[in-house]
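Working notes, beginning with the structure itself.
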Amino acid sequence: MQEQKDNSLFDKSNAEEQDSLDWAKEAYEKLKKQQEEKKKSILVQESKELKSNDSFSNAFEASSLDNSITSNDQSDVKENASENKVLDSEEPSLGEFDKTFTWSAKVLEAQGRKVENISLDEINWLSRLQQGLEKTRKGFVTDLLDKFGDDPLTPETLDELETLLLRSDVGVDATDQIINALRKRLNEEVLDSKEGLRFLKEQLCKIVDQPIKNSGKTLLMPSENSLNIWLIVGVNGVGKTTTLGKLANLALRSGFSALIAAADTFRAAAVEQVKVWGERSGVSVVANETPNADPAAIVFDAIGAAKSKKIELLLVDTAGRLQTKNNLMEELTKVRKIIDRLAPEANVESLLVLDATQGQNGLSQAMSFAKSANLTGVVITKLDGSARGGVAFAVSSQTNLPIRFIGAGEGIRDLRPFNSFEFVEALLADS
Ligand SMILES: Nc1nc2c(ncn2[C@@H]2O[C@H](COP(=O)(O)OP(=O)(O)OP(=O)(O)O)[C@@H](O)[C@H]2O)c(=O)[nH]1
């Protein structure tokens, strides 16, 4: 796998290029056929549903009654009648066989994937990630490729690369690590621009992979048949609620049962917003409409509901807070205590949401949050609107927290588990 990964997309002979194109064409045909078959089966399904419409609506009303969770005086626990149904209305559709498609196919092929096993979701995500990182790329890669040129790398090129990396919010530590590694190679041998670029990609991957390796978990996903509680924390407006909705939907599409606790009672509209996401993603929400209700009490109820319904993933939305607001930081500690007391057996993750558009500023937040929230990972959002995608490297090198998910859009499917190879390829894509 590593060998395949090292086979940089930039470093292909003409014959390999042709093979990749054939691979992409085959993948495109396969996805097209799959989509046509799906359309046909939906049509058949719809005509069946039309016939049994009466019995369906009756059954729905009955099940929504059965599903209601008894409320108590602490919080009014509300259940969504369409509990744990995957909503596919936002399913992607296959676009043109264009440069973006072939690039996405190449990224999958380079990771050793087989045409039979790829999905439209993956192709679609890679296309959006590549397009989303365009702003970062424009301020970085275009200049980088210019600087690298066609000649072997020189110490001056490295100086210029250093400036570019710092300008893209890669941070001092990560930049030093990369430049030192390149300098060492350059002292040992002549590096042509292709090899220089391949080596740079390898170093970038190494930086973001290190905390993931240290955590002992390559991929963060809920453990099956047990309770997993993921706390979503971060300052105001970074995309916590949106991330939570996307995660809930991703969990469902991956076959896990999920429940949302709307524990952000600080902002007036937050509960309503979570409910909208709950409906959109097909996941039930435990909430309390009372302004400033106790978040710990909501988490208490949600854990009870999750246990009784054998839910695998409980996602907890928390209020956005600044590290200076001590009361809110204490509230987070209280929520954590409730979890430890009520569900000591649960796998708890505390994920800090960082907004990529804030670049390095987000980092100081991460550091101060780490104490009260026992952070275990990071989610980087808004990569689509940011020219500071390089901040991912600064986060990894300075906090040692694994990046678990990245978001690149406002759609429900615009969040995926973090994959360093895909991220670096998208960041340095030659287009
Ligand atoms: N372009 C883009 N917008 C995003 C992304 N994630 C979230 N947003 C937008 O960012 C805005 C804030 O998102 P929220 O999810 O409400 O943020 P929050 O952290 O829950 O906010 P508070 O509850 O105020 O703390 C919304 O308009 C989202 O649509 C992303 O990946 N890309």
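Here, residue 1 is simply the first one shown, and the rest follow in order.
Backbone N, Cα and C atoms are what each Cβ position is placed from, and that goes for glycine too.
Taken straight from TrEMBL:
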BINDING   234-241, 317-321, 381-384  GTP binding site
COILED    14-53  coiled coil
COMPBIAS  61-74  compositional bias 'Polar residues'
COMPBIAS  75-88  compositional bias 'Basic and acidic residues'
DOMAIN    402-415  domain 'SRP54-type proteins GTP-binding'
REGION    61-91  region 'Disordered'
Non-local Cβ contacts of LYS240 (GTP binding site) (under 8 Å, 6 or more apart, same chain)? ILE232, VAL233, GLY234, ASP264, ASP317, THR318, GLY320, VAL353
Reduced DSSP assignment, LEU383 (GTP binding site): helix
Give me the mean pLDDT over the coiled coil (14-53), rounded to a whole number. 73
Tell me the coarse DSSP state (helix, strand, coil) of GLY234 (GTP binding site). coil
Sparsest-packed among the binding-site residues, when each Cβ's other Cβ atoms within 10 Å are tallied, from GLY234, GLY237: GLY237
Around the Cβ of LEU383 (GTP binding site), the count of other Cβ atoms that are within 10 Å: 27
With DSSP as the reference, give the number of residues of the domain 'SRP54-type proteins GTP-binding' (402-415) in helix, strand and coil. 0 helix, 6 strand, 8 coil
